[in-house]
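See below for the structure under consideration.
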Ligand SMILES: [Zn+2]
């Protein structure tokens, strides 16, 4: 195995050597559940789902921990605006995120811890930091607890910043509580009307950075393999996570992988822009599997600038692949995925998860497969279809997998198949008696009902019209 990834911390591609042979532990910063997800949020889920599937294909037992931030200023503000409890907002949006991940075929994480369920672990981590001289409670008794940036010489190493050029952390009600403006809040003292938990330093609630350090090491151990997240999290969130955990004596993440952002018209997704790209709306434009293809096709570290045209192109590209698999099965019968993916495909994914190059290999096989379909050779068709299915499975895009084939496999599909067969027999009969007007009328009626008929050398075939 020669897996390698671009490590943000090292600023270069590094060979991947897991801490424990045969295993890979992966922590992914999940959602702050103040609103339902747009596709920018879910891109990270899709990118890291492919990473997880590839590590699994390479024989590693993957433990994926993806957190949910269920307490935060933004959640409290939304709840206040609606006049409902903070946990009602968090529950509702967590369900929306789960539904979106499921819709896009992301495998569920091994564990999905919520911040508010891990207050004891956070208190313990603060205790360790205070005992080691890396954190302090605010002197005014507000209940705030801060990380002492000056006590940790490596601060800034992950985001490649010099500590003396850093801006202050804007996370306090009163800067006088801090020894240094760059110090960041581990814990936020209770404010009237807000949820709070008891600690030895007063009542308050978790800071965002602290929860990820506490939850990742609880589930993955003091040191783990890969920490993932969006590129916008490198600073301050991940810089603060690594400072907290290393200062407390944990080895923490060995590799840092960051996915690029999804922009619109070159701008970072704002809430108003994002509202037009919510998942339920997107899967009315294209099928979920096509949306997954769209989000997966670019390299995970590149920027995706959203456009309807690019989405439509991605859907068409996926349909070419799907069309080959469908026709191959019609010609040769059931085809199981090959046990191994082709070497160039594997080499592309081994090299910092090069999905775009891997897809080029996939499309090459589809072209060969289509040639085989016109030139006969059932064995060759079956071989190529098996390889294509194996590659698609690794990307979570196999149209015949349980995730995506449910609709096609339902009883309803068989009923439609029988009805269309009756109509096509009548069309053939009309053609046989040279009544082309009647034959065309049948085809048009089928089209109006959403069934596209295509005449092939092997006879007519049909599929449901898309979009
Ligand atoms: Zn995090």
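Glycine is treated like the rest: Cβ placed from N, Cα and C.
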Motif ''KMSKS' region' per TrEMBL - which of 263-267, 268-272, 273-277, 278-282:
268-272
Of the candidates 29, 65, which does TrEMBL annotate as part of the Zn(2+) site that also includes 212, 237, 241?
29
Choose the correct range: of 157-179, 180-202, 295-317, which one does TrEMBL annotate as region 'Disordered'? Give that range.
157-179
According to TrEMBL, motif ''HIGH' region' applies to one of these ranges: 9-19, 31-41. Which one is it?
31-41
Near the motif ''KMSKS' region' (268-272), which same-chain residues lie under 8 Å Cβ to Cβ, leaving out any that are not at least 6 residues past its ends?
35, 38, 40, 232, 261-262
Same-chain Cβ contacts of the motif ''HIGH' region' (31-41) under 8 Å, 6 or more residues past its ends?
68-70, 72, 74-75, 77-78, 89-90, 93-94, 96-97, 100, 208, 261-262, 269, 271, 274-279, 282, 291, 295, 306
Across the motif ''KMSKS' region' (268-272), what is the average pLDDT of the model, as a whole number?
75
Looking at Cβ-Cβ distances, which residues of the chain lie under 8 angstroms from residue 241 (Zn(2+) binding site) while being 6 or more apart from it?
209, 212, 213, 216, 227, 252
Hey, for the Zn(2+) site built from 29, 212, 237, 241, who else sits with CB inside 8 A of the CB center?
208, 209, 213, 227, 229, 233, 238, 240
Can you see whether DSSP assigns residue 29 (Zn(2+) binding site) to helix, strand or coil?
coil
Using DSSP, how many residues of the motif ''KMSKS' region' (268-272) fall into helix, strand and coil, respectively?
2 helix, 1 strand, 2 coil
